[in-house]
Amino acid sequence: MRTHLQHFINGEWVDSTGSETIDVLNPATEEVIGQISNGTTEDLDKAVAAARAAFPAFSRTTKEERIELLNRIADEYEKRKDDIVEVITEELGAPLSISEKVHYTLGLAHYRQAAKELETFEFTETRGGKVIRKEAIGVSGLITPWNFPTNQASTKIASALAAGSTVVLKPSELTPFAAIILAEIFQAAGVPKGVFNLVNGNGEVVGNGISSHPDIDFVSFTGSGPVGQKITENAAKHIKKVALELGGKSPMVILDDYDTKKAAKIAVSALVLNSGQVCSAATRTLVPKSKLEEFTEAVKEVLPNFPVGDPQNESSFMGPLVSEKQYNRVQGYIEKGLEEGATLVVGGTGKPEGLDQGYYVKPTVFANVKNDMVIAQEEIFGPVMSIITYEDLDEAIEIANDTVYGLAGYVVGEDEEKVEKVASSIRAGLITVNDAPFDFSASFGGYKQSGIGREWGVFGIEEYLEIKSVVGVRVGVPS
Ligand code: NAD
């Protein structure tokens, strides 16, 4: 049993001021694997006070000191590889290979990337007779979801530390154990007392507490739209800056000149990664009308290469969904798709054969989807693809943009001009062409209802900075 009832505050593990606990389940077995404390507002106040006290000294560290710190964190993170892989497989249900190749790797990448960005980052510059300074924003409250336990927390923490901000993290109560390992990593790496604080608990108390806390200067949230709205409302009371990474319904536009089988492989792998629990997942697949049949046949052929199964089994590509709630949500959308008259190509309701225990779902593909159907408009957050046909490129772009979201977009094609036309026309924050890998020096974040602000690389660091102009000083002498 993983039982971690303490919070990490001011450089040490401390008991909660409350006695309530939260059970954490393994979604593959549906069994309780441990407990965390359901943190209280007093716990949060202590963490915020520690972060506030640590801020003046930490914000004045040099960027060289922070580069060293980030690299020490990355080194310690590497030493905990086995623990991170194991914990993510247990609490999220990600297959071991995905925990390693995706979750472990993404988390690590953010610390290395932030250190690299700092090398060339200018915190002070002179412009037309004034000094422009970029200063750490203050105490940052970080609220993260369950779908990428180390990645979501690490992109925020790495950016905050690079900027010189101190933080209070509240991870998802569904997957809290990866963050406990992160706290141990920061301790081992010598992160100064109070710079990183972890308070476990639910959204109602600790989450709301962060967004409404008068002593927190900035809230960075990743999660659902309704919670993002609540956070923004709370933050408005103290005019607190907010960054939101919310949901998506991202289009993948497949051009008619691309090899259909290769396109199907790209589309399917973008759909099933992390059991479809990816905010930037390509869930609306736009194919030329003339290629619909060829494409759906190719999808059927490719899908068995991404087997669903026990996360402990090395050959599994997809594990279960994270919870019963998420399972029911995805089942509801599959039923809705059938009701709306979309054509079921593969998958459907119920559990895959032989996987009765655990929150497993069948990867499901619908064809003949109209973009105004619920399954094409709402974020399902599971492995459900909607194939929508288009007549010409203008129609493809119109369909791609006919959504309240704008987190990501994908273009699969050979003709560079057409690829560029689609890439520049989709109103979304990250466009991926063909099978390009992740690039953490790029920006990540949404247009429209997908959010406010950017993460990753230099763009993430900027979020944790305030800009100050100093006029009237002798140019070249930073104040
Ligand atoms: P969620 O919004 O329910 O929870 C996210 C976090 O917010 C959790 O830590 C939760 O405890 C906390 N929370 C809940 N209520 C709160 C409140 N009132 N005040 C403050 N915090 C509160 O989301 P989830 O179910 O954990 O994650 C799934 C959602 O997250 C999906 O909609 C998905 O699209 C989105 N997501 C977005 C991104 C992105 O980068 N854009 C990444 C991952 C997930």
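A Cβ is built for glycine as well, from the same backbone N, Cα and C atoms used for every other residue.
Residues near Glu245 (active site) in space but far in sequence (CB under 8 A, at least 6 apart, same chain), listed by position: Gln152, Ser220, Phe221, Thr222, Gly223, Cys279, Phe444, Gly445, Gly446, Ser450, Gly451, Gly453, Glu455. The active site annotation in TrEMBL covers Glu245 (among others).
DSSP classifies Cys279 (active site) as coil under the three-state reduction. The active site annotation in TrEMBL covers Cys279 (among others).
The feature domain 'Aldehyde dehydrogenase' is assigned by TrEMBL to 13-470. Summarised as a single figure, the pLDDT of the domain 'Aldehyde dehydrogenase' (13-470) averages 98.
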Three-class DSSP secondary structure - Glu245 (active site): strand
Other CB atoms within 10 A, centred on Cys279 (active site): 26
